[in-house]
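Some notes on the structure that comes next.
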Amino acid sequence: MSSSIGVKIGKATRWSAITEIMAKVIVPISNMLLARLLVPEMFGVVATVSMVISFTELFTDAGFQKYLVQHEFNNKEELNKATNVAFWTNIAISVFLWIIIVIFSKGIAVIVGNAGKELAIVIACLGLPITAFSSIQNARFKREFDYKTLFNVRMFAILIPFFVTIPLALITRSYWAIIIGSLAVNFSNAVILTIRSEWKPSMFFDFTILKNMFQFSMWSMFESILVWLINWGDILIVSSILSSHYLGLYTTSMSTVNSIIGVVSAAMVPVLLSSLSRLQKDPQQFKDLYYRFSKLSSILLIPMGIGLFLYRDLVVSILLGNAWSEAAAFVGIWGLISAFGILFNSYNGTACIAMGKPKISVIVQILQIIVIIPAVYISVNISYDSLTYTRALVRIEGMLIYIFVVWKLFRISFFRIIKDSLPVIISSGVMALAGVIFVNYSNSELVSMVSILGCVVIYFTVLMIFPSMRLEIRPYVIKMGKIVGLK
């Protein structure tokens, strides 16, 4: 791996990590306020609206973002032409889909279990053409490892709820506050990314380029559709069987965990795709970089997953409030499984795309859906508790499939990852034992929060016993020391 790429990866990872850390500090504050202003039923309505938006966004992007990041272009002119084609295609598809949504809004509202809420769906989906206007610029910044610009854009966006969403929630006590806030975020992203982007849209289009792009993007889009079915298919089933109250509990539990675990995944996955894509012609460096990302990620992911499981009641109480106590069980099990899901599902899927094999990811997603959909349907008809545990545990199937796939295709070894992460696993185990004792003897939220700090100290104390971990962590400690002015 060349030194220039190494430097770019380092800077990109740093800015991406800073972005996600800041977002995960600020966003939960707005969510805490909204959870106390709006009842679970309101979040249930927003969840079904978001389901429609997320599905249509699959077609507005059509996999072009991943193509622009992954593909090796001969020169900048070729890249700019492809960017223009992707941009205008996105705009055309998004406007067309929004018109379709307007025409069939009543039927769509019935399908997603929110009859009478068609206006909410129509207004919320205005975000489609707005997002399409900036998604290609976003891909260009990622391709160039310019995560500093994306940091600035993200920071502005996450502050919008404090000036738009929360004030509206105070006034309306309605789901409209979240919908309007989301549109404001989409609009700010579109404006800032367009202004900051070196590339600007021009009146150029070439169907030959579109055809070549679609040969890759088609499979990427299919994979995204299948991922959507995995992430939202269960919500569609739940919305048709359970009440909006339980739907709100279910979706908010997921989003709460994802926002916490996302500190690592959202920071690492985009950089991993960009980095591995540049090394797709060098299998050994490809594997070495993959192993390093997995090792560094495990240092945070594994203890985070265990911590969420142990302190699930505290997490729900602080982030959502007492009205959401039923969500604690799902938050715990989903957090534990999600930590390993990123290492053995998300990262492996990213490796397949980076190596130019999106078809493989499509096959894996199909195999997951075959298990997830019937499992969710059966469990939701038993009870809500049965649903939560079943939905979390079936994710293991996807991990096992991906572990086999990346070994057969790229010789990425599961046992090598476990070996590299063994100090983390041992340290997390010691922390977990201490955590169980702390939780059993904690009699207040304050004591529980102090015990979390105790778990963190125990974890890193044990981790630093291992020489390999000291070598990995020491450079970051030195950098942090310089940032805060320490020698």
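Keep in mind that glycine also has a Cβ here, set from the backbone N, Cα and C atoms.
According to TrEMBL, the protein has these features:
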| type | residues | note |
| --- | --- | --- |
| TRANSMEM | 45-64 | transmembrane segment |
| TRANSMEM | 85-113 | transmembrane segment |
| TRANSMEM | 119-139 | transmembrane segment |
| TRANSMEM | 175-195 | transmembrane segment |
| TRANSMEM | 216-239 | transmembrane segment |
| TRANSMEM | 259-279 | transmembrane segment |
| TRANSMEM | 299-321 | transmembrane segment |
| TRANSMEM | 327-348 | transmembrane segment |
| TRANSMEM | 360-380 | transmembrane segment |
| TRANSMEM | 392-410 | transmembrane segment |
| TRANSMEM | 422-441 | transmembrane segment |
| TRANSMEM | 447-466 | transmembrane segment |
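Each of 119-139, 175-195, 327-348, 392-410, 422-441 was scored by its Cβ pairs under 8 Å to the transmembrane segment (299-321), and the highest score goes to 327-348.
With pairs at least 6 apart in sequence, the transmembrane segment (447-466) and the transmembrane segment (422-441) have 3 or more Cβ pairs within the 8 Å limit; the two touch.
Residues 299, 303, 307, 310-311, 314, 423-424, 426-428, 430-431, 434-435, 438-439, 473 of the same chain lie 6 or more positions beyond the ends of the transmembrane segment (447-466) yet place their CB under 8 Å from a CB of it. Within the same chain, the transmembrane segment (85-113) packs against the transmembrane segment (216-239): three or more Cβ pairs sit under 8 Å, each pair at least 6 residues apart. When each of 175-195, 216-239, 327-348, 392-410 is scored by its Cβ pairs under 8 Å to the transmembrane segment (259-279), the top-ranked stretch turns out to be 327-348. For the transmembrane segment (175-195), the neighbouring stretch richest in Cβ pairs under 8 Å, chosen from 119-139, 216-239, 327-348, 360-380, 392-410, is 119-139. If one looks beyond the transmembrane segment (327-348) by at least 6 residues along the same chain, the residues whose Cβ comes under 8 Å of a Cβ in the stretch are 249-250, 252-254, 256-258, 260-261, 264-265, 268-269, 272, 290, 293-294, 297-298, 301-302, 304-310, 312-313, 315-316, 320, 385, 388-389, 391-393, 395-396, 398-399, 402-403, 405-406, 412, 414, 417. Most Cβ pairs within less than 8 Å of the transmembrane segment (216-239), among stretches 119-139, 360-380, 392-410, belong to 360-380.
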